[in-house]
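Residues annotated as region 'Disordered' in TrEMBL: 1-21. Residues or ranges marked as transmembrane segment in TrEMBL: 29-54, 75-102, 122-146, 158-180, 203-223.
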Amino acid sequence: MPSPATASAKPAENGSQKKRRGPGALATAYLVIYNVVMTAGWLVIAVGLVRTYLTKGSYHNLYYSIERPLKFFQTGALLEIGHCAVGIVPSSVVLTAFQVMSRVFLTWAVTHSVREVQNEDSVLLFVVAWTITEIIRYSFYTFSLLNHLPYIIKWARYTLFIVLYPMGVTGELLTIYAALPTVKKTGLYSISLPNKYNFSFDYYTFLILVMVSYIPIFPQLYFHMFHQRRKVIVAEHKKSD
């Protein structure tokens, strides 16, 4: 699931939290490097998509052109959970873990594991949404840490999610749905009884439950970003007036 709400850089922006101490000099330097590297990584993915599209003249099957960097940099987001856990970033560990792990799960346990879905246009849908979102997000954190945040990046961070978030979620759901027939046919990752552990697991049913979980979770995260937008963008406009 797209992760517009996760933070990887600066202390929270609202007034009640400004009093919190930010990361020390060493932690700040590390976070700047991390966010610069992640921004560059997602830019590599974006360039790969565009270059392959211009070469092939088609948007179909572009996934293969960026498969390796996508896996690498999306998995690299796991470090954000550690950032929250050790306290150098003030975001919720639970929320960050959920958002990061949902993407890592889709990358490895669905798209990588079920090769039949890699040809689906829905994969490109969420990859494009993720790529634009992450370039903006990591740029936002980098410039925030350097105390030099251009308004255009702030605006993009709190505005483009309106389109990118539903776009990414739609691609994710369609990709999981496309994986279901193969998972059911092959029994991928499923564990049947009897076995020595007296435990069974049906990956097909699990994927359906994952899809159902989007129903309560997506609106909460989506409208949370609208709330953040009102605080950051709309409130700023009112002050300037």
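Here the Cβ of each residue, glycine as well, is placed from N, Cα and C on the backbone.
29-54 is the stretch from 29-54, 75-102, 203-223 with the greatest number of Cβ pairs below 8 Å to the transmembrane segment (122-146). Residues 1, 4-5, 99, 105, 110, 161, 165-166, 169, 172-173, 176-177, 179-180, 183-184, 187-190 of the same chain sit 6 or more residues outside the transmembrane segment (203-223) yet have a Cβ under 8 Å from a Cβ within it.
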